[in-house]
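K.L.:
In case it's useful when we look at the structure, here is the feature table from Swiss-Prot:
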BINDING   Arg48  NADP(+) binding site
BINDING   Arg125, Ser126, Ser127, Asn239, Ala240, Gly280, Lys295, Pro296, Val297, Ala298, Thr299, Arg321  FMN binding site
Amino acid sequence: MAGNSYGTLYKVTTFGESHGEALGGIIDGCPSGIELDFEAIEVEMSRRKPGQSAIVTQRKEPDAVQFLSGIFEGKTTGTPIGFIIPNTNQKSDDYSHIKDNYRPSHADYVYDQKYGFRDYRGGGRSSARETASRVVAGAIAKQMLPEIKINAYVSSVGPIHLDTPYQDLDFSKIESNPVRCPDEKSAAIMEEYIRDIRKQGDTVGGVVSCVIQNVPVGLGEPVFDKLHAELGKAMLSINAVKGFEYGSGFSGSEMKGSEHNDLYNPDGTTKTNLSGGIQGGISNGMDIYFRVAFKPVATIMQTQDSLDNKGNITPMTGKGRHDPCVVPRAVPIVEAMAAIVLADFYLINKTY
């Protein structure tokens, strides 16, 4: 199976399955001499880990990171950083009923067809548990770029939207509620909606918005390696993501050029920022902002038709511990992937 690595100079490879012994990763290209804040890494992991509230999966995992290489006396050595995250709370029996069956809208069928064999326990390699390794790599990338501030938050759950412009939000309130929405009133409505969906044995999707501030001018490469193209690739690689838009996004297609152009100030900043901080695929120094759409979790606690490996349509009811809505736990994953992309382009920029 290829496709387990991301990046050019700051290169991240992840490994492991949801119900295997451990997850893990290798970070290649991290500069030497970075004094790591291990507590900050733990904070990022705790934001993503399961079992943190009543509106996420109740699988309990400490997600304790064990670093194996690339760090000495608390500093990066410049050699590959290897780490593992032990799995401690697997319940593989919850998945015995899908050993010979393919769950609707999961990767079960395509994995079996492509590889001729699959780990059906918890989705195996296709499980969102893989993203724990990305959060480790993203936490280190954030410490490479301390001046850059990355804040993601939940801006919609199902039909409930937070329409307040990000400039008017207090990002310090993102972690004040389990939904990770910085508007308390909207967060309460979203949380109640998720609880109701869970009671119905169903799931719901949502949108995570992300704002990146203090980005220097010049990150990104023209043509095929544009900054927004790499951000889009990184976000679309996250489990359950169905869409990505930055700046004015699709709404920009309804505007006139005279309305959409970002006019300059004498210092090179722009009066508006419909470009989303990126022009010609290169950061322009303005805030980068984008939105990531997540589908509803495919496993629902209702009976639906399934397909078995003999070609028979069979009824199936979801079992196990699953998120009724992924977006609260997706917030740190979106931040991590954004940090990885920026760290990679930062190192590429130093080659000029």
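Glycine is treated like the rest: Cβ placed from N, Cα and C.
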K.L.:
What whole-number Å value do you get for the CA-CA distance of Arg48 (NADP(+) binding site) and Thr299 (FMN binding site)?
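P.N.:
Each residue's Cα considered, Arg48 (NADP(+) binding site) and Thr299 (FMN binding site) end up 19 Å apart.
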K.L.:
Sequence gap of 6 or more, Cβ distance under 8 Å: name the residues on the same chain that satisfy this around Arg125 (FMN binding site), in order along the sequence.
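P.N.:
Counting only residues 6 or more apart in sequence, the Cβ neighbours of Arg125 (FMN binding site) under 8 Å are Met1, Gly16, Glu17, Tyr111, Asp119.
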K.L.:
Determine the Cβ neighbour count for Ser127 (FMN binding site): the number of other Cβ atoms within 10 Å of its Cβ.
P.N.:
20
K.L.:
Return the count of C-beta atoms lying within 10 angstroms of the C-beta of Thr299 (FMN binding site), excluding that atom itself.
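P.N.:
The answer is 21 other Cβ atoms.
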K.L.:
CB neighbours of Lys295 (FMN binding site) within 10 A?
P.N.:
16
K.L.:
Within 10 Å of the Cβ of the residue listed as 'NADP(+) binding site', how many other Cβ atoms can be counted across all chains shown?
P.N.:
25
